[in-house]
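If you check TrEMBL, you get these features:
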- 1-21: signal peptide (SIGNAL)
- 63-85: transmembrane segment (TRANSMEM)
- 209-230: transmembrane segment (TRANSMEM)
- 264-283: transmembrane segment (TRANSMEM)
- 295-313: transmembrane segment (TRANSMEM)
- 397-417: transmembrane segment (TRANSMEM)
Amino acid sequence: MTLPSILRVLAILPLLPPLHKLYQLVANEDILGSIIAKLNNDKSGGVNISADGSDVVNEVNTVGVQLLLFLILGILGHFGTYRLIPGIRYYMLKRGICGKDLGKKGTDREDVDLLDLNSALLSICFMLFLGFTDDVLEWPWRYKLFLPSVASLPLLCCYEGSTSIVVPIPLRSYLMHAGELTTFGKLLCRLVVVDENADGSIINLGTFYLAYMGLLSVFCTNAINIYAGINGLEVGQSYIIGCAVLYHNFIEIQSNGESAENHVFSAMIVVSFLGVSTALLRYNWFPASVFVGDTYCYFAGMTFAVVGILGHFSKTLLLFFIPQILNFVWSVPQLFRFVPCPKHRLPKFNAKTGLMEPSRVVISTTSGGNRKQVEMANMTLINVFLQLFGPMHEQTLCIALLVFQSFCCGLGMYIRYNLAQIVFDY
């Protein structure tokens, strides 16, 4: 088996868990019969006449049908994107819009659903446009923090869901004791609403929850954008996170709980996202013929923010962003200019060895009254991998980072379904 064939097999692995869960969801349903029944309902208004002359409303379980239709749309999106990219690449090159690879040598419920869908698509498309302007105009970092906030405005303005959060069990005693609010609980009530009927287990954050959603949009878009720089990493990490989100959606749909409908909405968006992302990955994988730039990073980040917010599983979403969170925390000194931050922090390509090495930045220090310059590696998770495991080929480095991403998504899933009960009673 050749190396490309092995890589294709590895690329399919993250998609197997959600596909298996999808099979479990639809295996016991008569899909063809459901489609025919649905069409008959639409023609007859969904009402039949019973033997005694009374009206009988036909109820058809269409969740399996919906999920299969979403899968078909995702597949169509994949092949459509795969066919469109070469043509778009030709015209982009013709207009001189191209880049240099620095890692290479030389370079009602239905009404509510419709409102949610429109606000989600508007935010994603707006972020897609802003990402393209960033690629062309190269916005400074202070604007990159502001742009996702603007793009999330349609989502925040149209949000009609709950603004309450569940308080972890160990912290509830600080809010209420013996059925009465504690001093801290009374102080907190000046800003938010502590539900006394729920013994302090629920807090309504109100406007603060909207601010949290805006910050989540900013984090998701920029977290992917700063964890980048080698062929396949941006799309690869988004693909793995998308598979984890889809698997989580299918688990919740299968449980048929109160949030099942929200997860159907999330699955609809994520399936289409995975369809176009896998097509793009075929062109962005090493050696890349297409660069994704900030356009895709913002698009992917806002897509995850939208499904996390409207699907009401933002905490679970952050569990799938463990590598991005680690990368952000480690990058804080450079991002906030405590340490010099160059424009590009991607690894350095050694033309002699053909391997990627940690890129470095020069900082000035003062010791004993003497000023001297010291080199240190740029503070990114990619450089940490190179420091721990030594110089690597770019493709090997990308695979190692994606394996780590897969491990963290699996860990996040384990925490969500096995350890969360320790701090949350659900």
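The backbone N, Cα and C atoms fix where each Cβ goes, and this holds for glycine too.
Under 8 Å from some Cβ of the transmembrane segment (264-283) lie the Cβ atoms of residues 11, 15, 63, 66-67, 70-71, 73-82, 85, 89, 113, 116-117, 120, 232, 235-236, 238-239, 242-243, 245-246, 249-250, 253, 289-290, 292, 296, 300, 303, 306-307, 310-311, 313, all in the same chain and six or more residues away from its ends. The transmembrane segment (209-230) is not in contact with the transmembrane segment (63-85), judged by fewer than 3 CB-CB distances under 8 Å for residue pairs 6 or more apart in sequence. Within the chain, the transmembrane segment (63-85) has long-range Cβ neighbours (under 8 A, six or more residues past its boundaries) at 22, 25-26, 29, 31, 34-35, 38, 250, 253, 260, 264, 267-268, 271-276, 278-280, 282-283, 290.
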